[in-house]
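What follows is a short report on a single structure.
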Amino acid sequence: MVRTTTEQVLFGWWVILSTAVTPTWWCCAIIRPPRDGGIRYRGLTQEQVLVQVLPVDYEIEYICRGNRVIVGPKVRKCLPNGTWTDLSHRSKCLLPCPKVQTSLENGRVVVSPPGPAVEGTVLHYSCLTGFILEGRNSTQCTKLGKWDSPKPTCQKYSPVTSARHSLKPEHRKKKLYIGALFPMSGGWPGGQACLPSAQMALDLVNKRTDILPDYELELIYHDSKCDPGEATKLLYDLLYTEPIKIVLMPGCSSVSTLVAEAARMWNLIVLSYGSSSPALSNRQRFPTFFRTHPSATLHNPTRVQLFQKWNWTKIATIQQTTEVFTSTLDDLEQRVKEANIEISVRQSFLTDPAVAVKNLKRQDARIIVGLFYETEARKVFCEVYKEKLYGKKYVWFLIGWYADNWFKINDTSINCTVEQMTEAVEGHVTTEIVMLNPETVRGASNLTSQEFVIQLTSKLGGRTQETGGFQEAPLAYDAVWALALALNKTVEPLKAKGRRLEDFNYNNKDITAEIYRALNTSSFEGVSGHVVFDAQGSRMAWTLIEQLQGGSYKKIGYYDMTKGNLSWYGNDKWIGPGPPADQTRVTRKFRFLSQKLFVSVSFFAGLGILLGIVCLTFNIYNSNVRYIQNSQPYLNNMTAVGCMMALAAVFPLGIDGQHVHRSQFPVVCQFRLWLLGLGFSLAYGSMFTKIWWVHTVFTKKDEKKDKRKQHLEPWKLYATVGVLLAIDVLSLMIWQIVDPLHITEEFTREVPKGDVDELIEPLLEHCSSTKMNTWLGVVYGYKGLLLLLGIFLAYETKSVSTEKINDHRAVGMAIYNVAVLCMITAPVTMILSSKQDASFAFASLAIVFSVYITLVVLFVPKMRRLITRGEWQSDQQETMKTGSSTNNNDEEKSRQLERENKELQKIIQEVRCLCGLHHSFALPLCGILNL
């Protein structure tokens, strides 16, 4: 109790210290316990365990559930580098088998691998000198914790045994040994069901009197773990350890590739029951290879057929980087290319699929073909769940030879729950070679496929879903029968040549050639269907199509590649309304201007034009009124005309494909440009000219210059406006000649509202040219300088008062408003170019507001003054009486004042002369004059 308390205190101190100041490598992260096991934390409370880190030198102990035992390190210690001891050695919780079979009276037992007798352990029996072995010479501990065969006995040599074993050897069956590699674990633990299936076939073959009556087939097998490295060691043991094996039977493709490539050096036939790699169909590389498992390329014609059925032309792939899947994908790529289907994304991974799955999501993969082993499949779909790469928008195509509950198996290499995995895999489609004959036919073994399944299920203890390789078990069963029938065929041909099967050795090519010919011509009904091999030694078969619906696989069809016939049940189900699209659907729609907006703005523009006509009429009608004359009416007329032209540009600005044909749209573009350009030049140019003249005249300090420029010459004002207008006309003409405007369509994808798997690609019609930005930059730069200069001049002349241009303050106010609106509108409309309603509203309303403000500021005060004061009536009556204009009266008065001024100057000069002559007498008078 004292020790426990001390450990808890020390651990609490260590956690505080490590989280505050110590480096993170002074601790170890808690690791996961083995499957069907747990971890005992000594001296720690539940709260301390939840910290998820343990201090250096702390030891954890593995414990197993039930009667399972630990195989591998039982205790691990936290090292200073942040790792645990013996991580290279995996700890497992395995069921033990009865120890009664680990010893043999009068014999020897070799345990492989050395250690406790647990799942996967193989016992090899042999008898001492003077004893004969009765029973099988090897047995294996199954996943259920039971030995797969009864314990043999060593019988002492006696007349009875001698009669059976040595005295009459012609009546005793000669043994032919098969070297087999069954993967009991690893990426595909198919040996868990295939081994019992093969043993069932051996038992029946050895009991038959019409098949190899003088021989007994015996299986010598090991657990390859579906690992080529492990298989290399086991293959060496098989080849260099007695007895001689007449045939090799590997399982998964990676191991079969190794075995089949080396087998020809020993003149061995290789017959695989679980290899699907297309690379194994190479007769030059694997000249003695056969397989009852069809090539994985048989899946590809079925996949292509399904792609075409569901109208998919774009797919993605993700594969584990092994030869079997790489060659399968190469074949698929060739087939989809011939079918005009594109592989848009191709991802691969070695051990961790996280990056590959993220790339699939980023590249919008929808129809995904996955090629990987069962263990990696769980890793992939854990990442699929995290990336949300499942649901009604996605379809996954997987290999069909996984266990039915592969996604529900507790796997310590992933951090997803069973519920999450079940959600992620729902709806995926599998293509699987038909491995169980769907018809009730008794084949060479005199068993129907249904009877075979019943017997195998009983042998496995009913745990079929949790047993790896259950679906491939018929292939292993038929592989043994194919071998037995082939060997039976060779007996007579070899006898004719003076040879026997028991004479086989690794240097005998003749016996190997006979076995090869017999296998190559095999044709019989097995529990997996009709067994026949093609020229490459691969099995020919139908393809079964299944879909995961509600957590269980449902058959939805078959495909016969030899006839190109797809048998469809029509019971496929989808999360959405039907098969999803192979990519995000892009719908192109023309976006037209809102007619309500167009009519509303056009109404105000029309009212503005009427207002401009009223102002222009008023200005022309009252052009003889002195107050109007002093405001330079001709410039104001230009302003009114320019405002009406700018308002007229609103109408073509809102015209789009709803109103004119595409071929006529360039004309609309020209109207927009010319009306708006010339309207701005007239309206703003006339106001700018007024404010420029006022600034030039009344901001000079030199009195002479001021007097010289006081006289206003109207033609100079008109010429200034003409120059500004000519610059615009010239620049617009050059623009339209060099780079004319034309219609362009802008594409901007947007996601529609609602959960719809499509993107709307709006087509917006714009007036544009090849170097539109360059031309706009020139025009905006030139106009912008005029606007800035106008603001400056208006500010400088705000306190000036002159009767020559009596409305320059109103002009300045109008310039302020126009400049601000233009400087805001120009960049905003460029930003809003993809929003047709917003862009039109912003541009057109800016035109309308600036015109309204200009007309109201310039003309309404004049109207109000003339109406309220009646100045227009008195000026008209005076003009009718005198018959001369007000301007002529002013000029006459000016000339009269000049004459009087000259006469007064002469009189002053004469008085000064008299002062000089009569200085002494006229001094007081001269002083007064000088004052």
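Each residue, glycine too, has its Cβ placed from N, Cα and C.
Predicted automatically and left uncurated, TrEMBL annotations should be read as such.
Positions annotated as domain 'Sushi' by TrEMBL: 95-156.
Residue density at CYS154 (disulfide bond): 19 other Cβ atoms are found within 10 A of its Cβ, drawing on all protein chains shown. Per TrEMBL, the feature disulfide bond maps to CYS127-CYS154.
As annotated by TrEMBL, transmembrane segment applies to 597-622 (among others).
Per TrEMBL, the feature domain 'G-protein coupled receptors family 3 profile' maps to 604-882.
Annotation comment: TrEMBL describes 634-653 (among others) as transmembrane segment. Same-chain neighbours of the transmembrane segment (634-653): 601-602, 605-606, 608-609, 612-613, 615-616, 619-620, 668-669, 671-672, 675-676, 678-687, 689-690, 714, 717-718, 721, 807, 840, 843-844, 847-848, 850-851, 854-855, 858-859, counting only residues six or more beyond its ends whose CB sits under 8 Å from a CB of the stretch.
Per TrEMBL, the feature transmembrane segment maps to 673-694 (among others).
For the transmembrane segment (715-738), same-chain residues at least 6 beyond its ends with a Cβ under 8 Å from one of its own Cβ atoms are 632, 634-635, 638, 670, 673-674, 677-678, 680-682, 685-686, 688-690, 692-693, 769, 775, 778-779, 782, 786. For 715-738 (among others), the entry in TrEMBL reads transmembrane segment.
Look at TrEMBL and you will find 774-795 (among others) tagged as transmembrane segment.
Under the heading transmembrane segment, TrEMBL lists 815-834 (among others).
As annotated by TrEMBL, transmembrane segment applies to 840-860 (among others).
Annotated region 'Disordered' per TrEMBL: 877-898, in sequence order.
Sequence annotations record features per position, and here TrEMBL assigns compositional bias 'Polar residues' to 877-888.
Same-chain residues lying 6 or more positions outside the transmembrane segment (815-834) and placing a CB less than 8 Å from one of its CB atoms are 683-684, 687-688, 691, 746, 748, 762, 764, 766, 776, 780, 783-784, 787-788, 790-791, 793-794, 842-843, 846, 849-850, 853-854, 857.
The transmembrane segment (774-795) shares more Cβ pairs under 8 Å with 673-694 than with any other stretch in the list 597-622, 673-694, 840-860. The DSSP breakdown of the domain 'Sushi' (95-156) into helical (H, G, I), extended (E, B) and coil residues amounts to 4 helix, 27 strand, 31 coil. Among residues of the same chain six or more beyond the transmembrane segment (597-622), those with a C-beta under 8 A of the stretch's C-beta atoms are 628, 633, 636-637, 640-641, 643-644, 647-648, 650-651, 654, 837, 840-841, 844-845, 847-848, 851-852, 855, 858-859, 862-863, 866, 872.
Confidence annotation: the domain 'G-protein coupled receptors family 3 profile' (604-882) carries a mean pLDDT of 74 in the model.
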